[in-house]
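Listed features, source TrEMBL:
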REGION    1-20  region 'Disordered'
COMPBIAS  10-20  compositional bias 'Basic and acidic residues'
TRANSMEM  30-53  transmembrane segment
TRANSMEM  65-91  transmembrane segment
TRANSMEM  153-174  transmembrane segment
TRANSMEM  186-204  transmembrane segment
TRANSMEM  258-281  transmembrane segment
TRANSMEM  307-333  transmembrane segment
TRANSMEM  353-372  transmembrane segment
TRANSMEM  378-399  transmembrane segment
TRANSMEM  411-434  transmembrane segment
TRANSMEM  440-461  transmembrane segment
Amino acid sequence: MGEGSLRKRKGEDKGGEDGRSKLRSQNVSFYFQVGLISGICMIVGTIIGSGIFVSPKSVLANVGAVGPCLTIWAACGILATLGALCFAELGTMITKSGGEYPYLMEAFGPIPAFLFSWTSLLVTKPSSFAIICLSFAEYASAPFYPGCDPPQVVIKCLAAAAIVVITIVNSLSVKLGSYLQNFLTAAKMIIVTIIIVSGIVLLAQGKNENFKDSFKDSKISVSSISLAFYNGLWAYDGWNQLNYITEELKNPYRNLPLSIIIGIPLVTVCYVLINISYFTVMTSTELLQSQAVAVTFGDRVLYPASWIVPLFVAFSTLGSANGTCFTAGRLVYVAGREGHMLKVLSYISVKHLTPAPAITFYGAIAIIYIIPGDINTLINYFSFAVWIFYGLTVLALIVMRFTRKELKRPIRVPIIIPVIVTLVSVLLVLAPIISAPELAYLYCVLFILSGLIVYVLFVHFKFNWPQKISKPITMHLQMLLEVVPAEDVTE
């Protein structure tokens, strides 16, 4: 049975008809439903996740003192805001789903767009998922190993279990994934509020000795600042999430920039205050020695109710992982529609109306990243890869100011903003390579460039033999997973 006949059979099937009517009703109910408040909540909820509970130690380790550490956190917030404003112009100029993919396609053609989807599919998205779940595992296991670090095998098994559960939930039901996200976002804001309020109270009581001589013993170099930025910007990752739902925003020309201008500075203030709270109860040395910073904070400030902190941090990191998985199908669908990746990865489950193949694929790759990797190493190479494409996307904005003057630009940022973001991106990518070269960066670049071979063989020349191999595999996967192309479901 071929793909066409399978789709025809699905169309005649009662379940397929029910699926279509359900999807149509979902499209009606969700389309243009995201207003200004929802947009701000989406930015805040997506950005605040595992990063603020993992990155403080790594940022401090790279710069060595409280003063530069807090400066880095504020500077990362400013850079994320500027980058998001550039993406706001791109998102209202090219109103297509898929984040950076359509912008790179429009400005530079299919090759950079394909390299972005190739890298995202196999490196940045799954490694992000893996980092968040490893963070969850560290915090969830920390209370069971007081006074020492949890064994790596426990952390990795727990992280893998989290990936499996989240993957299953999001594959089975959009609604269940959405309900889970709402609950975990509320839990996230509770723990952020507890930490900030506790820190402010302690400061008001005069506990500020750790802020004296705050720039003393700092170790500032181009490499250390770049790596500190990598870890800080990891905590801000998600600042471009509204670009994935531009078409679903109410009045996007007003609400997109306003959500960014309000949401990201709000996150920045939260992050700086959380770090101030950490330093209020811990010296730099104590913070660096802590396996889970927020747990140590809770032990010292909230005892005997300190169990609240690891519980809610675990909820927060799970919420971030669930959000990452929840949006996994969008890029894959767009790239699959352009013929830039395996078609089956862009298919939709007939029964559950979820991008089940894409979500399952992300989960499987993320588990592979968990096996050898530790959090800090993964963050460094994730950030290195992702900022190559962030920089290239903002450069696309500058290029299209000259090559695509006819495009309507409801939001037009001053040209100096994309220039600054592009230059900072170049510095972030080149500085660690020049000042502290490691083979892993070379491997990362070689992997990205290896996408060129895949593009030439399978996309440009479209050799027949890969088609002969992939068609029966696709057909059997369709029957096994009960999935069809999205356009067949929505017809």
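Keep in mind that glycine also has a Cβ here, set from the backbone N, Cα and C atoms.
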Feature contact check the transmembrane segment (411-434) with the transmembrane segment (153-174), CB under 8 Å, 3 or more pairs
no
Do we see three or more Cβ pairs under 8 Å linking the transmembrane segment (378-399) and the transmembrane segment (186-204), pairs being at least 6 apart in sequence?
no
Any chance you could find the range in 65-91, 186-204, 353-372, 440-461 with the most Cβ pairs under 8 Å to the transmembrane segment (258-281)?
65-91
Within the same chain, where does the transmembrane segment (411-434) have neighbours whose Cβ lies under 8 angstroms from its own Cβ atoms, ignoring anything closer than 6 residues to its ends? I mean 6 or more beyond.
79, 82-83, 85-86, 88-89, 92-93, 222-223, 225-227, 229-230, 233, 253, 256-257, 380, 383-384, 387-388, 390-391, 394-395, 397-398, 401, 441
